Each structure stands twice: as structure tokens, then as C-alpha cells.
Amino acid sequence: MAFVVTDNCIKCKYTDCVEVCPVDCFYEGPNFLVIHPDECIDCALCEPECPAQAIFSEDEVPEDMQEFIQLNAELAEVWPNITEKKDPLPDAEDWDGVKGKLQHLER
């Protein structure tokens, strides 16, 4: 079972998780990261590294965020792989913790 990036990553895009991933299974969009479910080895190293607490094991994704399981799978097929940490988005602190950010997802 893979890990899943959820709502709170949108418009924050901290990349601390990318830095610790041993299999480079993160993919980067304009304002969101996703995990490729077929590449994730379920090591759980990324989950505690996320300052926004946006990463969950697939079986622990909150009920109101279930759509992110499929979203991660879909976007990982079209976005480029990211393997190194980058600066978060400029207004990440303002968006961290804001609920219901899916409408702000840039594809």
C-alpha cells in the first residue's frame, strides 16, 4: 500500500518529503506534489517529514480526502519526477492548514 499526498500540500509544496524518499517516487506539479503508487515502497519515511502533515498511508487517508488516492495516481503519470528538495512556495505558510484547497490545484 502506497502513501498519498493530500489537500494540505496544495499551494504549500514543501519538499522535505522528497529529500528522504529512497526510491524517488514523488512527482511535481505547479503547486502540489504527488506520490506514484506503483513506485512507493511504503517505507513511511516521507510522512513525518511533511511540515503540512499532508501525507498519509493509503489506508489512513481521511474519508473526506479519498479522491486524492486516484489524483496521486493520475498526476504521477503526467508530472515530472522530483528528486531534490526545493524551497516551498512563497505563500506556503499562509496556506498551510487551510481546508478545501482542491479548487486551487494547478495541473
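For all residues, glycine too, the Cβ spot is worked out from N, Cα and C.
Note that the structure is a prediction, hence the values are computed from the model and not measured.
Database features (Swiss-Prot):
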- Cys9, Cys17, Cys50: [3Fe-4S] cluster binding site (BINDING)
- Cys21, Cys40, Cys43, Cys46: [4Fe-4S] cluster binding site (BINDING)
- 96-107: compositional bias 'Basic and acidic residues' (COMPBIAS)
- 2-30: domain '4Fe-4S ferredoxin-type 1' (DOMAIN)
- 31-60: domain '4Fe-4S ferredoxin-type 2' (DOMAIN)
- 84-107: region 'Disordered' (REGION)
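Everything Swiss-Prot records as a feature, shown here on the structure.
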residue : record                        : Cβ within 10 Å
Cys9    : [3Fe-4S] cluster binding site : 28
Cys17   : [3Fe-4S] cluster binding site : 25
Cys21   : [4Fe-4S] cluster binding site : 20
Cys40   : [4Fe-4S] cluster binding site : 22
Cys43   : [4Fe-4S] cluster binding site : 13
Cys46   : [4Fe-4S] cluster binding site : 22
Cys50   : [3Fe-4S] cluster binding site : 22
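Cys46 ([4Fe-4S] cluster binding site) sits 4 Å from Cys17 ([3Fe-4S] cluster binding site), taking the CA atoms of both as reference points. Looking at Cys50 ([3Fe-4S] cluster binding site) and Cys21 ([4Fe-4S] cluster binding site), their Cα atoms lie 12 Å from each other.
Between the alpha carbons (Cα) of Cys40 ([4Fe-4S] cluster binding site) and Cys17 ([3Fe-4S] cluster binding site) lies a span of roughly 12 Å.
Counting same-chain residues at least six beyond the ends of the compositional bias 'Basic and acidic residues' (96-107), those with a Cβ under 8 angstroms from any Cβ of the stretch are 7-8, 10-12, 29-32, 51-52, 67, 75.
For the pair formed by Cys21 ([4Fe-4S] cluster binding site) and Cys9 ([3Fe-4S] cluster binding site), distance between Cα atoms is given as 17 Å, rounded to the nearest Å. For the pair Cys17 ([3Fe-4S] cluster binding site) and Cys43 ([4Fe-4S] cluster binding site), the C-alpha distance works out to 12 angstrom.
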